[in-house]
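Listed features, source TrEMBL:
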DOMAIN    27-273  domain 'Deacetylase sirtuin-type'
ACT_SITE  133  active site, proton acceptor
BINDING   141, 144, 166, 176  Zn(2+) binding site
REGION    315-403  region 'Disordered'
COMPBIAS  321-347  compositional bias 'Basic and acidic residues'
COMPBIAS  388-403  compositional bias 'Basic and acidic residues'
Ligand SMILES: [Zn+2]
């Protein structure tokens, strides 16, 4: 349950703006905005959707900062009264609409802050999904970083040991000696590198970013949609949320209504059929050996090239997008760790980390592994901007923009 998840995190005093009043557009406004969003999706070349807890409330999972959110009620000494277990929750209309839109080629990537595993369970392919704060249905090896899908939600949060061995087999035929851990970030943990890298590249390449059910207060996740605006000459940002968000002033379109209603309307306009959730397609319900969920280095490499070709080669669009540009977390401007300072880089450099490379054996292979240099570019250090946190009010426009 998300209450238990929230209770499992370490104390953190600044959880952002809580319990702001919800706002609803009129029926006419909603219809007109849905039509406009559908038009923009069909006009766009690269659409990225950013999702937050608001897309899972209709599955019975409370959000955090809504009027009945976990943090809002916690501040009053209360707990949500509707709170389904992660194992019992099923993907919502919005989750299933995203699967259909990705399949139809209308949406290209989903960046989620949600840990409930509902994107995975909706059968959204890993190649189209980054999970920046972890996933209750994923476990990760502390030695080779391989990720596997679990058949039930983890019993721990905060990247703790689950007491099981890594199922990965090394290239030399020997089993990995690592132990499996949950993937749920605690406050100020570093975000997962490959998920963050893909999110960054896709957000920069995107000409349309759609934010669903998030107040965009957590950094760096909440700032990613702005890459589309900042780095594209005609990039658009759409926000669909009941409460005001940190970036409302920068949005080209704000839709204040339920996300399920918006996604249903959008799919109707685009002629995309939303499938029902079926357990038979849910990867967490499959019997047999553990199913891998690791992002391939080759995919990070491929997206990096797409990003460089589109944004870094003298195009007007890319001019702003060079390493001189502060604040977008450009990997070129990120301090690289020397191999001896970084265990993972070392292992890739000398080729002995067969576990990292052997992940490519487990999933469809589309490209070659990254070079050492490229791996190190992605293998960023634990700079503050890569840690999960709420931006402090005095440093952030949150206060001004929301109030
Ligand atoms: Zn392992």
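For all residues, glycine too, the Cβ spot is worked out from N, Cα and C.
Source: prediction; values computed, not measured.
Summed and averaged per residue, pLDDT over the domain 'Deacetylase sirtuin-type' (27-273) gives 94. Cβ neighbour count for residue 166 (Zn(2+) binding site): 24 (other Cβ atoms within 10 Å of its Cβ, all protein chains included). Of all the binding-site residues listed here (144, 176), it is 176 whose C-beta has the fewest other C-beta atoms within 10 angstroms. There are 23 other Cβ atoms within 10 Å of the Cβ belonging to residue 141 (Zn(2+) binding site). According to its DSSP assignment, residue 176 (Zn(2+) binding site) is coil. Under the DSSP three-state reduction, residue 141 (Zn(2+) binding site) is assigned to strand.
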